[in-house]
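Student: Quick paste of what TrEMBL says about this protein:
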type	residues	note
ACT_SITE	ASP240	active site, proton donor
BINDING	ARG51, GLY52, ALA53, ARG94, GLN199, ASN250, LYS251	substrate binding site
SITE	CYS160	site 'Transition state stabilizer'
Amino acid sequence: MTTKVSVPLSLKWEEDTLYLLNQQLLPGIVQYENLKTVEQVAEAITSLKVRGAPAIGLAAGFGMSLAALSIQTDDITEAKETLVEAKELLAKTRPTAVNLFWVLDRIEKQIQQAASVEELKTLLIHEAIRLYVEDESVCHRIGEEALKVLPKDKPVLTICNAGSIATAKYGTALAPFHLAAERGEFFSVYACETRPVFQGGRLTTWELMQSGVDVTLITDSMAGHVMREKEIGAVIVGADRIANNGDVANKIGTYTLALCAKAFGIPFYVASPLSTFDRNTLKGEDIVIEERSADEIRTINNTPVAPSNVNVYNPAFDVTPSELITGIITEHGIIYTPSEETLEEFFSLLK
Ligand code: MRU
């Protein structure tokens, strides 16, 4: 039996306008902003109104469509120059999630093909929509794969938000919980609040509650205690970039969870689409880690929680070495004991 559950969406494209859920306002205000320019999309990515690796990429795809729609000239060379600038603007927004660059490359291939400005506009909109539709189906398949390995009789722990609002729909790490809710199956989820900007506390709890999933919020520092006391059965997280040796960059705090999970012998899964694999980056140390503003740590909602001039180090992501990862759950199955060799084998079977 399937139940109709409400899985929230991060973005929608309707009548040449991008409607974007402003995640900065969640959970208090559920507001879709209407974006009409590529500059607005770039600002929305930088300020975390839209966030999560796949959703950043999808927003950038629609941002390129908006840039194309704004072109007034019939000169295709001039039009393509405008798009080079739009692409550069989007590429500068956030460095770590590789999906952004993967989408921009897919869009670039369409730009190369266009022979007229009209064709350019059509090709870009179609590609952005195709990326969106593909992502929903990919996330659904990741959810199905995850359901094969996650325990239902013990709670599962997650961090950040690798959910529906971080993708086109369903999410990666949260996809199994949404699918289970649709089928009337029960999961108990513990969500780390995810300092400094609370993607776990503000977004994951809200999103899972929309779907009717049983979710309990903890602070990040409670994770080890909760793993032991609540007998966590598995940890599942998303990814922003996966290096060729299986090292995973994801939200800051993921590495600590992986170390704790190892200490307790708890399976540690990464749920990720193939678009998050960066086969050109050899190992985790080569991944560029975004550093964000000090005020994300010094203040909460503009209220000081530390001296205003204290030194701050604010990396948005960390790298979990592949040895700590039980398996990477993709839309094409699970890569167990990720390493350069197992990734190579997995990708060669897909060819
Ligand atoms: O800084 P954010 O909120 O964009 O970080 C998001 C994450 O780290 C997610 O786990 C990752 O992007 C995967 S989203 C399916």
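For all residues, glycine too, the Cβ spot is worked out from N, Cα and C.
Set these features in their place in the structure for me.
Tutor: Classification of ASP240 (active site, proton donor) by DSSP places it in coil, neither helical nor stranded.
Under the three-state DSSP scheme, ARG94 (substrate binding site) falls in the coil class. Counting only same-chain residues at least 6 apart in sequence, those with a Cβ under 8 Å from the Cβ of ARG94 (substrate binding site) are ILE45, THR46, ILE56, LEU100, GLU290.
For CYS160 (site 'Transition state stabilizer'), the same-chain residues 6+ apart in sequence whose C-beta sits under 8 angstroms from its C-beta are CYS192, THR194, GLN199, GLY200, THR204, VAL237, GLY238, ASN250, LYS251, GLY253, THR254.
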Student: With every protein chain in view, how many other Cβ atoms are within 10 Å of the Cβ of GLY52 (substrate binding site)?
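Tutor: By my count, 29.
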Student: Can you tell me whether DSSP puts GLY52 (substrate binding site) in helix, strand or coil?
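Tutor: In three-state terms, GLY52 (substrate binding site) counts as coil.
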Student: With every protein chain in view, how many other Cβ atoms are within 10 Å of the Cβ of LYS251 (substrate binding site)?
Tutor: 26
Student: Return the maximum Cα to Cα distance in Å (whole number) over the record's substrate-binding residues: ARG51, GLY52, ALA53, ARG94, GLN199, ASN250, LYS251.
Tutor: 17
